[in-house]
Amino acid sequence: KKVLSFSHSLNTYEGTGVPEKIYNEEKNNGKFRLLGLYGNNSTNWLITDCACMISGVTTLVMHSKFSIDIIIDILNNTKLEWLCLDLDLVEGLLCRKNELPYLKKLIILDNLTKRSEMKIENEEKSNGSRKSSNKQKYNESDKREDISLCALECDKEKIEKINSLKEKAKTLGLSIIVFDNMTENKIANVTVQNEDPNFIASIVYTSGTSGKPKGVMLSNRNLYNGVIPPCDCNIIKKYPLTTHLSYLPVSHIYERVIFFIALFLGVKINIWSRDIKFLNTDICNSKAEIILGVPKVFNRMYATIMTKINNLSRCKKWIAKQAINLRKGKNNGNFSKVVEGITNISRKIKDKINPNMDVILNGGGKLSPEVAEGLSVLLNVKYYQGYGLTESTGPIFLQDVDDCNTESMGVAVSPSTRYKVRTWEIYKATDTIPKGELLIKSDSMFSGYFLEKESTEHAFTNDGYFKTGDIVQINDNGSLTFLDRSKGLVKLSQGEYIETEMINNLYSQIPFVNFCVAYGDDSMDGPLGIISVDKHKLFTFLKNDNMLKTTGVDEKNFSEKLIDETLNDPIYVDYVKGKMMEIYKKTNLNRYNVINDIYLTSKPWDTTNYLTPTLKIRRFNVFKDFSFFIDEVKKKYEEKLSGSSTGSMNNGKSGSKSDIKGGSKDDIKSGSKDDIKSGSKADIKSGSKDDIKSGSKDHIK
């Protein structure tokens, strides 16, 4: 009802509704009625999205974590007049209204309607709708209801704040509208407008890992082919969805498409509490059978579980690790079930994470095979991976339900998808197993970048394939294995190539490491690393390893002590590099993947500096701000070439005792570029090659 009512208001509010404007854009014949969407996950956000599709209004979606400067640029470039946004984002725009000549209306997405139900502890409700027979204290799930109760108490404050903002907005020539006021009309029927398959229904501004965001235009055809084919995938057939927890940013195409899929399949949608402190509780209480996430979420989940196991008593820890290793050795098969039946370890862990979970589905980036396999065993769940882009309208490749290869990104979801690779650097499209930059053509592939004709033309090949910039190999069964991003492959001075994305994932497995950003070029013998650490977790590790006396750190001063200026003293650098070497020794990677030079930072990394709203790293920003360290390390290699030699660099300090030299036979395996691979034939099942096109003179296969 609210969707229909809001749709009606978009066409009739104040007599005209959302205005139509003419743009220098070929799509929609240059005519667009734009409604901005700028907020966090909420019911009203989703209602707005659906209402726009009915009314023929094009949504212009922006991440809520975009900086205010980026938002202002987008609003001015698109000459946007109507904007839906969260209440806590309004004041930032009002303060910059003098820079926003086109903006006229702000629609507050916050729900101000009071709920009738109240949590009553240890009492029975007379209407029988809810009974409490548990006389003990309420559990974690009850806390979420307390949060709702607190939110209700804040309603008056919100209303007062809105009234205050309305007065301020009025003086600036803006009008503020409460969402509920636009959904009061009772509308029985609405005629769906602009059903043309080529009509641009949404423009999504991508976060990007460098450069300014671009508006990805998605047509009705794109959205249909991004949503309907995945509904028929065999993962969902084998593990039917009944509940979905919406916690990934809905402004990101990944979560948004999943929402549409859930809507189409009649799946219950729970929206998380929007409080990061309660995310684990939200996941546990969601009862979702399939937990979708990105590498950052699953890396943290894995690190948390392993930390708790390592903190068990010596006997319990030994039993747990032996059971886990036994199950890993048997590939989590029938023998694994016997071991789990005896130890019940996975059930105990799973009960704390989400007892209903059957599947973990990773997207938005490659998860390291070790973490993927580890979570699969620890939680006794199936792990699958997909691949997609904003430009592809979300997931375009997805693993088959019987594909157990943790390196695989799966096969094409839609029958309209065609793909191939073209030779890039050392990756040859003409190899027996073709490798190179992934090129895609599909009905789900976007219709261009809004108002950026040149960027659109540059994004496609002459024969209409989108250039993803991702390096993959095409396996015998048509599935893809992700190798690296084209910008992430670096050639060192020896001519050896390293995969910085893989290195970043490798060392990010250390529980106290938030992010690892590797850098290298052809003037360097090995990569360096910018390491973001968590103060609290690092302190816990120092404490457990009896390092407090040596470092002079204690529970009272660690927050002040573990800052960038002191973290790069040799004692901390040695310690962290030791942990990195422990991780490295568990791999078969060659010595060029060892990081000798590291800079440790405990400063916050968020969307205002180094992270995109989907928690991908903006490498360009990191390299720029830490260029002082990069320059110091590069200078070391220059001096080495000129005949003088220095130790590894850490904020200008000479190398520490544990500098990792060019490799002992015991610790470092010899290697060449052939050692860096992401899969083997043994992992790949036979299949068709129908989607792999024949080569051309450009070595495109």
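Counting begins at 1 with the first residue displayed.
The backbone N, Cα and C atoms fix where each Cβ goes, glycine too.
Listed features, source Swiss-Prot:
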COMPBIAS  656-701  compositional bias 'Basic and acidic residues'
CARBOHYD  Asn40  N-linked glycosylation site
CARBOHYD  Asn41  N-linked glycosylation site
CARBOHYD  Asn76  N-linked glycosylation site
CARBOHYD  Asn111  N-linked glycosylation site
CARBOHYD  Asn127  N-linked glycosylation site
CARBOHYD  Asn139  N-linked glycosylation site
CARBOHYD  Asn181  N-linked glycosylation site
CARBOHYD  Asn189  N-linked glycosylation site
CARBOHYD  Asn311  N-linked glycosylation site
CARBOHYD  Asn334  N-linked glycosylation site
CARBOHYD  Asn344  N-linked glycosylation site
CARBOHYD  Asn557  N-linked glycosylation site
REGION    120-140  region 'Disordered'
REGION    641-701  region 'Disordered'
REPEAT    653-660  repeat '1'
REPEAT    685-692  repeat '5'
Within the predicted model, mean pLDDT of the repeat '5' (685-692): 36
Sparsest Cβ surroundings (other CB atoms within 10 Å) among the glycosylation sites Asn76, Asn189: Asn189
Most Cβ neighbours inside 10 Å, all chains, among the glycosylation sites Asn41, Asn111, Asn557: Asn41
Sparsest-packed among the glycosylation sites, when each Cβ's other Cβ atoms within 10 Å are tallied, from Asn40, Asn344: Asn344
Rounded Cα separation (Å) that holds between Asn181 (N-linked glycosylation site) and Asn111 (N-linked glycosylation site): 11
Pairwise CA distance, Asn40 (N-linked glycosylation site) versus Asn311 (N-linked glycosylation site), rounded so that it is a whole Å: 36
Coarse DSSP state, helix versus strand versus coil, of Asn181 (N-linked glycosylation site): helix
Candidate glycosylation sites Asn111, Asn189, Asn311, Asn344, pick with smallest Cα gap to Asn557 (N-linked glycosylation site): Asn311
Proximal residue to Asn41 (N-linked glycosylation site) among glycosylation sites Asn76, Asn111, Asn189, Asn311 (C-alpha distance): Asn111
Three-state secondary structure, Asn76 (N-linked glycosylation site) (per DSSP): helix
